[in-house]
Each structure stands twice: as structure tokens, then as C-alpha cells.
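Trainee: Here it is: the structure, laid out below.
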Amino acid sequence: MLSERTIGKAFRYVVEHVYLSTTCLHLLVLSYGLLQDRFNVSVKFTDIDYMVFTDAAKAVLQGKSPYTRHTYRYTPLLAYIASINIIFKMEILSKLLFCAVNILSGKILEWLLILLDVDNETKIKGSVTLRRFLISTWLLNPFPVVIAARGSADIIPSILVLITIYFLMKAKYDSFNNKINIIISAFFFGLSVHFKLYPVIYGFPFIFFINPNYLKKDRSLFWYILNLPIKIFTTLNIDQLIFGLVSFSTIVSLISFFYYLYGWEFLYETYLYHAIRKDHRHNFSVFFYLFYLTMYSVKEVLASNFVYKALPYIASIPQMFLVALSGISLVREGECIMAIFCQTVLFVAFNKVCTSQYFLWWFILFPLALRVYLTNNIAQLDESKGIIHSASASFTPILISLGVWLITKLSWLYFAYNIEMLGQPYFLSLFHSSILFLLANISIVLVFLKKSNSSSLRVKSE
């Protein structure tokens with residue numbers, strides 16, 4: 001039996017050499033995937049979407065629209081990226097690229113954590129080890145590794161969001177290059193929204209982060225929610241205007257360019273389809289059961305066909321309300337990092353379609369949010385005592401919430417497997433698992449919010 005001390009030493013070695021460790025892990029999973037794809041005919045390791053945008057890349061190289069490939073519902077940029085598979089005749093090449101971006105995102109997280117240490121205005125004993133541990137929660141997380149190795153491209157918009165945050169924070173501390181950093185961050189924000197629509201929810205937190213005095217606390221939160229559409233255009237300072245205009249120009253330019261190339265099909269498949277999408281399988285969302293019940297027998301279940309068509313929009317109401325409420329309320333208290341983390345968890349949990357790739361969107365923000373969470377207990381983290389021992393009490397609520405999250409997800413997967421692979425009628429049980437999984441996601445937000453009332457990572461009014 002291995003002693004606790006031996007395990008601790010091994011863990012510390014892996015953390016201290018986290019980039020080497022994660023590179024080996026990515027290569028190991030990629031190798032396993034190649035073997036499974038080759039020898040397992042029934043269940044392939046490679047994500048079906050990887051084959052979709054590889055086929056779209058072939059169409060692009062032949063001078064055709066990527067949307068000639070049925071079910072291709074992404075920006076043409078992804079097909080352009082995947083074209084390296086065809087050009088270099090290596091089907092695995094884009095997977096290697098996604099894995100490399102995974103690892104690169106860890107480095108950007110480390111730069112962000114350094115900036116957050118500056119924001120704390122104190123030097124923390126063991127902060128280097130702490131930073132390495134925090135980025136390990138991303139780089140050594142098996143979920144992102146497997147998702148990238150299977151060929152999912154969701155890491156691309158995620159790293160674009162990280163780059164946006166990095167240059168926004170650089171603008172805060174580098175007054176000489178303030179405007180340049182804001183322009184760069186705005187460009188990457190616009191690019192991330194073009195690539196995947198979900199980052200648009202960060203627009204308000206980013207705008208408020210740029211100008212800490214923008215939200216005055218003498219107004220109620222609901223006053224801001226009701227008046228925000230008007231206030232957003234009338235009281236912006238120059239930095240906020242630059243960020244908004246550059247972001248908007250980037251989005252509009254990309255949409256206009258690809259609309260010119262591919263027409264209405266581009267707009268519908270890339271953006272509009274996702275607004276009306278209803279998915280009753282492969283879907284963690286609590287709304288899947290409603291979509292399942294109304295899929296075939298619309299007239300028996302709902303008297304109005306109009307109501308049926310409106311279901312995707314009705315399902316989005318609680319999601320949009322909670323995302324707006326969490327974003328504005330937290331950033332109003334100065335918690336920009338915690339605001340976008342909680343927004344993302346709630347957005348994914350309450351989305352009408354929720355697949356495993358979507359969890360990547362908040363996994364990548366987890367190290368930053370965890371840094372906020374640890375702020376109240378940061379003085380207890382002494383490198384000489386070992387990061388596991390000194391931080392165990394602080395991590396306990398998070399570990400419990402993540403454990404519940406994992407158990408409820410596995411429960412969902414069990415019933416989904418019985419439905420998809422064995423043909424068992426477990427839809428109601430799957431629905432119950434979806435409810436429990438939703439509650440598990442909410443518990444993660446509540447645990448983080450309980451500890452987000454510290455002075456760290458706050459936007460300080462000048």
C-alpha cells in the first residue's frame with residue numbers, strides 16, 4: 001500500500017511539472033482513441049462532429065460551401081481550421097491542434113492568476129505552487145482532455161474568452177497601453193462571440209469591469225435590469241465605448257463577410273438554428289423530456305401549434321433571467337471573475353440543449369473562480385505544510401459539490417445508455433436524473449458564492 005506521504009509527493013511532482021504531465025496525458029488519450037477507432041467498430045472514440053467539420057473542410061477546399069455538409073452548424077472558420085487534415089493528409093491533425101490549444105490555455109490561465117495575485121496587493125507564501133495547483137484543475141481534468149482528443153472544437157471559443165479577460169486585466173494595470181489592450185480584448189471578444197454565441201453573456205460584466213464606477217450602488221439591482229437597455233448607451237465612458245464598438249465591428253464584419261460568401265444558409269445554420277433547436281436525446285437539459293413528449297404527438301399534448309413552436313424560446317426565459325441577474329449582481333459588487341463563472345454554470349445548466357462539451361465552457365474558468373473562493377482562506381495556504389494539507393478544509397465544500405455533480409451526471413449517463421444502447425424505456429428516470437443534475441449545478445454556484453465576498457478580485461472604484 002502506498003503511504004499518504006508517497007501519494008503527496010507524487011501529486012506534488014505532477015503539479016510542479018503540470019505542462020509535462022498534461023502533454024503526456026493528452027498523448028495517451030489520443031493514442032487510446034486511435035486504437036478504439038481502429039478496433040472497435042460499434043463505438044467510435046472520435047466525436048461525430050469531428051467528421052462533420054472535416055467533411056466541411058473538404059467542401060471548402062473544393063471551392064464549395066461548408067454547409068453542403070449536412071448538419072454542419074458552425075462558423076466557416078472551423079472548416080478552414082480543419083482543412084489542415086486534408087492539406088497534410090493527417091486526419092488526426094486538428095485533434096492535435098485542439099489538444100495544443102488546451103495546453104496553451106493553461107499558460108494563459110497562469111498569466112491570469114499572476115495578474116490576480118497582483119490584484120490581491122499581497123505576496124502569498126507558496127503562490128507559485130498554488131498557481132500550478134489551480135491550473136492543474138484544468139490541465140489534468142480528464143473531461144477537457146478527452147473532449148479535445150475526441151475532436152471537439154469547443155476549446156477555441158473558450159481560449160478566446162480567456163484572452164479577452166487577460167487583455168482586459170492588462171488594461172487595468174497598464175495605463176500606458178490601456179487603449180491598445182482594450183482594443184485587443186474587444187477584438188478577441190468579438191471573435192469568440194462569432195465562433196460560438198454563448199460568450200455574448202459576458203458583455204455586461206466586461207463593460208462594467210472596464211469602468212468600476214458605472215454601476216452606482218444607490219440604485220436597486222432591478223432598477224438596473226429594467227433601465228439597462230437605455231443606460232448602456234447613454235453613460236458609457238471612452239474605454240467602454242471603444243470596447244463596445246470594436247467588439248460589435250468585429251462581429252458584424254465577420255458575419256457580413258461570411259454572409260457574402262455563403263448567404264442565408266450561413267446565418268441559419270451558424271446562429272438561427274440554435275435558437276429553435278429542440279433535442280430530446282444526448283441532452284442533460286431538464287427540458288429534454290418536454291421536447292420528447294411533444295416531438296410526435298403535438299396535437300394530443302398541446303392544443304396550440306404556436307405554443308409548441310414557441311417552446312425553445314419559453315425554455316430560454318429562466319436561463320436568460322438567471323444569467324442576467326447573476327452577472328449584474330456580482331459585477332455590481334466588483335466580482336467580475338465570479339460573475340462570468342456563475343453566469344456560465346447557470347447558462348449551461350439551464351440551456352434547452354446541454355451536452356458534455358458545454359461543461360468545458362465553465363471548466364476553463366474554474367481555476368480563476370477557485371482563486372476567488374480561496375481568498376478568504378489564502379493566509380492558511382502554507383507551502384511548507386503542503387498544499388493538500390493546508391487547503392483541505394477550504395476545498396471540502398467544493399469537493400462535495402463536485403462529487404454530487406459527478407454522481408448525478410453518472411446517474412444520467414446510466415439511464416441514457418439504457419435508452420440509446422439497450423432500447424429500454426427509461427425516459428422518466430432520465431428526466432428525474434436531469435432534475436438532480438440541474439440541482440447539482442446550482443449547488444456549485446451557491447458554494448462559490450458563499451465565499452465570493454472577499455476583497456480579492458474586486459473592481460476597485462477610483
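Note: Cβ is positioned from N, Cα and C throughout, glycine not excepted.
Those TrEMBL annotations? Automatic predictions, nothing curated.
What you see is a predicted model, and the numbers here were worked out from it, not measured in a lab.
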Trainee: To which of the residue ranges 78-94, 282-298, 333-349, 350-366 does TrEMBL assign the term transmembrane segment?
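Mentor: Here TrEMBL associates transmembrane segment with the stretch 282-298.
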Trainee: Considering pairs 6 or more residues apart, do the transmembrane segment (147-168) and the transmembrane segment (241-262) have at least three CB pairs under 8 Å?
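Mentor: No, since the transmembrane segment (147-168) and the transmembrane segment (241-262) share fewer than 3 Cβ pairs closer than 8 Å, they do not count as touching.
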Trainee: At a threshold of under 8 Å on Cβ distances, which of 96-116, 310-331, 427-449 pairs most often with the transmembrane segment (180-210)?
Mentor: 310-331
